[in-house]
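Q: Pasting a structure below so you can have a look.
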Amino acid sequence: MLEQCSNQSEYAFYMRGMIARAEGELEDALSWFNKALAISANSTVYLVNIGRVYFLMGNHTLAVEYLEKAVKGNPNDSKAYYWLARSIYHLDTDLFNTCEKARDLLLQAPSLQTSVELIVFLAKLMSELGDTNAAIQAYERALQLLAMTLLISRYYRSILTYETLLVILFPKFKSILAAGSIMQAHGDHDVALNKYRVAADACDYNGCLWNNIGVCLFAKGRLAQAHSCLKKASFICPLDYKINYNLGLVHQAMGLYCSALHFLKAASELKKDDAQIIGAMAVVLSNMNDINNARRAYQKSISMDPKAQVILNYAIFEFRQKNRDVARDALTHFKTVSSNAGGCRKVSGVQNLKQ
């Protein structure tokens, strides 16, 4: 097609960019979208797609720059608002609260009341900001829109939309996934895996599903299989901090400490100031004999959120460094926190492994 149009086909450039992005060739996708934009400089479609590519590449600053241009060029483009809000949410800055700024942007979107995608992301932001009632209202509004779409589709079968297909195809999948998660939370990993096997037949391209399968296999001690499942989950959802965190746990259990630290660091970048992630990094650093950084990580995690398991690990760590007084104080702190929490629960994970 490009040869027939003397390399001046805007649509051909666009399609090549879409294919390259779908195949994960982000540099190529960026090149094709830029060529299309050079032909049609006022097209917000190309600005949105360039912004999405930068977002996938982790360059959120450039993503914001292009997506802001797209929003300015077409204020009614819900996709532009959605990806701009996500890019702002992932910005690495201390100048403002990225979660609040993303929320404020979505509230200004003209298509907010009619876009399920925008409403669901807004609900997530509201939940993170502690506004539970607003989050519930947003989710209820999203459900109303999905129900309306399904009702309309009964009369107009030829205009089934993407949201309608989700409602028709995936309620069974989601209920099975939820049932598996409940079984998994109660430690019944074999039953959970059977549920996930059924869910995988309905929709296997789901990061949450493969993450849960990986965690189940990890709990059963099948580290190689758990690693494979979590890597697939990471491929589907590379920006999910929970998947990166779980990959860190698996690599720690396999004795691959550098890889474990890499994934835990990625998780901490995606979810700033999470005490559990920092506590896990402390265990890995101590296994790497990086004593000073391990101590800093333990102290930071405990100062942010004093969890019994992290404090106990810190006590053991200081005891092994011959700091008996510090270890004794940490053990006393552990007993206090443990008694206040009604006892120290045994939780599977990297922080419960013997150091």
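Placed from the backbone N, Cα and C atoms, the Cβ positions cover glycine too.
Features from TrEMBL:
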- 10-43: repeat 'TPR' (REPEAT)
- 44-77: repeat 'TPR' (REPEAT)
- 116-149: repeat 'TPR' (REPEAT)
- 275-308: repeat 'TPR' (REPEAT)
Q: DSSP on the repeat 'TPR' (10-43): how many residues come out helix, how many strand, how many coil?
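A: Taking the repeat 'TPR' (10-43) as a whole: 27 helix, 0 strand, 7 coil.
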Q: Helix, strand, coil residue numbers for the repeat 'TPR' (116-149) per DSSP?
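A: Grouping H, G, I as helix and E, B as strand yields 31 helix, 0 strand, 3 coil.
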